[in-house]
Amino acid sequence: MESTLKEMRVGASVLDMDPKSTVGGGVEDVYGEDRATEDLLVTPWTISVASGYTLLRDPQHNKGLAFTEKERDAHYLRGLLPPATVSQQLQEKKLMNTIRQYQLPLQKYTAMMELEERNERLFYKLLIDNVEELLPVVYTPTVGEACQKGKVLDVLKNWPRKSVQVIVVTDGERILGLGDLGCQGMGIPVGKLALYTALGGIRPSACLPVTIDVGTNNEQLLNDEFYIGLKQLRATGQEYYELLHEFMTAVKQNYGEKVLIQFEDFANHNAFELLAKYGTTHLVFNDDIQARGSLIGTASVVLAGLLSALKLLGGNIADHTFLFLGAGEAGTGIAELIALEMSRQSKVPLEETRKMIWLMDSKGLIVSSRKDSLQHFKKPWAHEHEPVKGLLDAVQAVKPTVLIGTSGVGGTFSKEVIEAMVFYNEKPIILALSNPASHSECTAEEAYSWTKGKAIFASGSPFAPVEYEGQVFYPGQSNNTYIFPGLGLGLVMSGAIRVHDDMLLAAAEALSGQVTEEHFSKGLIYPPLSNIRKISAHIAANVATKAYELGLATRLPRPENLVKLAESCMYSPNYRNYR
């Protein structure tokens, strides 16, 4: 144990350690806690053995009223707790009853964040066991409201962990559909990492949320006396990129080559440049964009949904024509991955498959006559066609089989647009991906009713089942939470040193493979989130397989059963018994 601690203190990765020392630990198991089964006794280490008041204030080891009589005697807890002993299961039941009584999602979010700060395992137990109910609470859309409310103060603390494997970093400039929230965007990396743990099994102590405060251009925040960030306009240009480079250099120096860095909610003009610059030197990806050498998690989820939809429709992805409303980072990223998959399946050059994909921005259809004025990431999508301004006109001109919304503007898929889609297609695929629900291009009810139940529909935000003429339709949620937790686990457990396009294709194929005939019978193109840990294990195994095939994995020799390895690596929130 002492030698293990020494290795970790000097920066050795857990993946460099003897595999026997990480069985069940996955990301990091400094104190050997997961090398024991849940039935064996462990010592609740902090800096020293935690006891009494200190133990109750340590969220990693606190169990509340679940401490046994023996533990209360051994750890000086007598008099600090009521006499009752309550199991973790009963604690979970009581807290869920309490949370369900709150009327506002923000109240539920606050209750969950307070729980995470006092009892980490119980927080993840609730989140894992009630993932479909609590996912919208701890992440989008509620987390956006929490960021606006200034709850970031709760997470602005010095990070105590030294062995970090996953970092989510933002500069707060483009938070969800809310824009520049400056320092108050911290809720995004915190929420994202909670999902890495709950859905992908990454150990909480191995996760680090970071907000790089470079100021804000939000006048409301600059004039708010309670705003906690830098009250200055955003740094730009050389000053900005020098700070980011210092951060990226320090991350590698402190945590090693294999720490995964996820760029989150950076504005377009910075996101593309950062990913292009560090994609060849660091293990990085961006959940929102595409750049050379790295494709996004969002795109993988959309591609998985399309691959599933094709099982319902028949044919290949190369048989379809796509129209995007929204040509920003999300739209172009999804389009590029679709084009790449079309090229892979049909053996046609990427430049040709791109011609089956059309994008629209605020100025209309992206066509060749606009090429000189387009941002660089839009130029590959400027096809030969006369200018088209409106979405309805574009649908009539292009006649797409798939309509995808990444515009961030609610209600833009009008009744006329949806009816045009069903006029040209017996079963149109309609994906309204913008978040939160108020920004969705159309609702599930609109999609099903306007197409008379013919649409294959999915959205970025959750919608309730829709009944139309006696039939119940279950809208899918094209949420990147399906992909990035499993992707992260696969990268970490294989010791990958770079993210490659093919890993995202592998993740999409794994997700699509989890959709069963039972799901198809309900019109679903995604598996239910209640099975997310199983899904994440299969995604992790596929990603790790691809890492080994590409020669990017460093955990050698390659394990025989990567699905079992992924499952064994997953963090368990169940309470442990203390000596």
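Keep in mind that glycine also has a Cβ here, set from the backbone N, Cα and C atoms.
Just so you know, TrEMBL annotations never went through curation; they're auto-generated.
According to TrEMBL, the protein has these features:
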type: DOMAIN; residues: 116-279; note: domain 'Malic enzyme N-terminal'
type: ACT_SITE; residues: TYR139; note: active site, proton donor
type: BINDING; residues: ARG174, ASN435, ASN479; note: (S)-malate binding site
type: ACT_SITE; residues: LYS192; note: active site, proton acceptor
type: BINDING; residues: GLU264, ASP265, ASP288; note: divalent metal cation binding site
type: DOMAIN; residues: 297-548; note: domain 'Malic enzyme NAD-binding'
So which of the binding-site residues is most packed in, judged by how many other Cβ atoms lie within 10 Å of its Cβ, out of ASN435, ASN479?
ASN479
Could you check which of these recorded positions, TYR139, LYS192, ASP265, sit within 10 Å of ARG174 ((S)-malate binding site), going Cα to Cα?
ASP265
Distance from the residue listed as 'active site, proton donor' back to ASN435 ((S)-malate binding site), taken between C-alpha atoms, in Å:
11
If you count other C-beta atoms within 10 angstroms, which of the recorded positions ARG174, LYS192 is the most crowded?
LYS192
Cβ packing number for ASP265 (divalent metal cation binding site), 10 Å threshold:
25
Closest of the recorded positions to the residue listed as 'active site, proton donor', Cα to Cα, picking from LYS192, GLU264, ASP265, ASN479?
LYS192
State, in Å as a whole number, the widest CA to CA span among the (S)-malate-binding residues ARG174, ASN435, ASN479 given in the record.
18
Pop the Cα-Cα gap between GLU264 (divalent metal cation binding site) and LYS192 (active site, proton acceptor) into the table, whole Å please.
9
Rounded to a whole angstrom, what is the C-alpha distance between ASP265 (divalent metal cation binding site) and ASN479 ((S)-malate binding site)?
15
Taking the domain 'Malic enzyme N-terminal' (116-279) alone, what is its mean pLDDT?
86
Which whole-number value in Å describes the distance between the Cα atoms of GLU264 (divalent metal cation binding site) and ASN479 ((S)-malate binding site)?
15
